């Protein structure tokens with residue numbers, strides 16, 4: 001399904017984001033569904049196996065008694081957006097089912113320094129053994145959600161939406177895209193299997209064996225290959241290519257590395273030639289340039305940095321008391 005991504009809030013201030021991002025009290029609540037859980041369980045098994053091998057936690061074995069019980073809190077140390085909280089329970093369920101966790105905030109919630117995300121209780125050794133694995137998941141996914149929220153805030157008041165890309169860590173795509181949604185972003189296609197995006201190399205390869213190659217013809221051939229059941233997106237980097245592509249009436253045209261001025265011309269061409277086609281800005285988009293791209297009137301802005309250049313959010317795993 002293609003998402004149009006219109007932002008309906010026309011009353012938001014036109015100014016760009018402040019230097020220190022402000023997060024709403026309640027951001028976007030997203031369901032943690034079976035596909036997310038399945039992806040998390042796979043990564044959890046790998047993470048624990050690489051940490052423990054056959055030997056286990058040597059430090060806890062040396063210093064912690066089997067009967068020691070404790071309670072810890074997972075606490076935000078900086079502002080951001082929560083993503084991945086349910087994974088904490090899955091980690092401890094895999095490591096030691098005797099550990100119980102209570103989650104105080106839903107994914108998509110705003111975090112401030114001191115926000116208590118979860119409280120976990122159980123065998124002290126298991127809590128300490130799982131600490132780094134829990135924090136690795138949470139800090140990374142909260143970083144993705146928080147960075148996404150900054151981009152979403154930066155374009156408030158425009159009709160554009162922020163989308164992710166396939167520039168994800170191997171094995172992490174389902175969870176990273178979940179975190180993008182928690183931050184208020186929109187998911188692009190999940191992979192090569194669920195959407196057609198004709199890029200420059202596809203066009204070059206296709207043109208090499210066609211006597212009269214046009215982008216419009218490539219769009220039509222791609223549409224026919226899926227019996228019209230999926231939309232077709234095509235990448236262009238010049239207005240000449242755009243004019244050709246619009247002849248094929250693609251559902252989306254990706255405008256690669258175009259200046260704001262060129263994107264405005266592209267919108268005029270689209271409106272005249274294929275009004276139903278959506279335009280997506282991509283390439284070189286960062287927090288300093290995203291507002292200018294959105295103000296051109298494009299409907300979609302895809303940002304690889306949501307997942308490929310993320311700074312983890314600072315989160316603590318704090319001893320509360322021995323039980």
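Positions of Cβ are set from backbone N, Cα and C atoms, glycine also.
Curation does not apply to TrEMBL; its annotations are automatic.
Site annotation for substrate in TrEMBL covers 132, 165, 166, 167, 189, 199, 235, 282, 283, 284, 303, 304, 305, and the matching candidate from 68, 96, 107, 256 is 256.
Taking the binding-site residues 284, 304 in turn and counting surrounding C-beta atoms within 10 angstroms, the largest count is reached at 304.
Neighbour counts of Cβ atoms within 10 Å were compared across the binding-site residues 132, 166, 189; the minimum falls on 132. Counting residue by residue with DSSP, the domain 'Quinolinate phosphoribosyl transferase N-terminal' (57-142) contains 36 helix, 25 strand, 25 coil. Residues listed for substrate, 132, 165, 166, 167, 189, 199, 235, 256, 282, 283, 284, 303, 304, 305, cover a largest CA to CA span of 41 Å.
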